């Protein structure tokens, strides 16, 4: 699992940097579900297509493929287990053109390792029906939060393989914020721009630390049951968040967020209430990272999946997060942010300027979600 956590964590931070190239934009995605979805495709890839995928997914370090898929099997079992005090639903499915004769061995492996189905649709003669079918499936899996994953025209009669990957998360804070303390404050989007946000406030004991080399505070907000944590990285007001992003590697992330190395102290926390809904067409992102062959007919080698000549037509990722006084819900809408109130000598953690946030699964160290809040 540790090897897999490192591979997934490395991929997560590479994605964060790629998706976050435009500094003014908010970012939110689930690297774990993207890794799962792509690893499933990787299972059917061969030759150079597989080599490129292993490279961007950081599977090279882990020595071979078989243990990767078993690793995902354990990870998904752990993350999707029932009886938790949070709700997390990860839905992966490959939709293939039915004339392509997908190998039963590949379908069986999808089910065994990834709890995922390979479903055959008629893209050639019923493209709109296929699109609606995929959207309905996603909506069901995400409690209706992600309703229109594939927009009209996003699949066509030439579509052969659509990889769909959706996540829904809802969790309450271990210690909730009192709604009466929430008030409108200004969020410093940049040196010369401020926007109003609804700022939540709580004074309590939390784990936190300060990383001197990047002038950044790190705060850990646990969810009920303490199986999941939100980790917030907030640079000092004089430090640009880009500096933090540039320095961030998986090794540093692990070192900086080690709970046993943090102080538990009373702190005044101001955190914006926000909602983010982000949708990414992952093809250009994955191509930029070096995964090119998979998308090109003639170059793509998915002979472990089907004997038909196949390429990946579409990789869509959509995710939602809502952070409020009760906790977090992956849900659709727009965002809001925060500022601080008068302090005694209690340290302040005042997220009234851009910050990074991560939702991590404690037991597996898996980064379930990554985000950047730049602007309400």
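Along the chain as shown, the residues are counted starting at 1.
Cβ coordinates come from backbone N, Cα and C, glycine included.
Pulled from Swiss-Prot, these are the features on record:
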MOD_RES   1  N-acetylmethionine
MOD_RES   151  phosphoserine
MOD_RES   195  N6-acetyllysine
Inset, instruction - Determine, to the nearest whole angstrom, how far the Cα atom of the residue listed as 'phosphoserine' is from the Cα atom of the residue listed as 'N6-acetyllysine'. - result: 31
Legend entry - Packing count at residue 151 (phosphoserine) (other Cβ atoms within 10 Å of its Cβ): 12
Inset, instruction - Provide the three-state secondary structure of residue 151 (phosphoserine) computed with DSSP. - result: coil
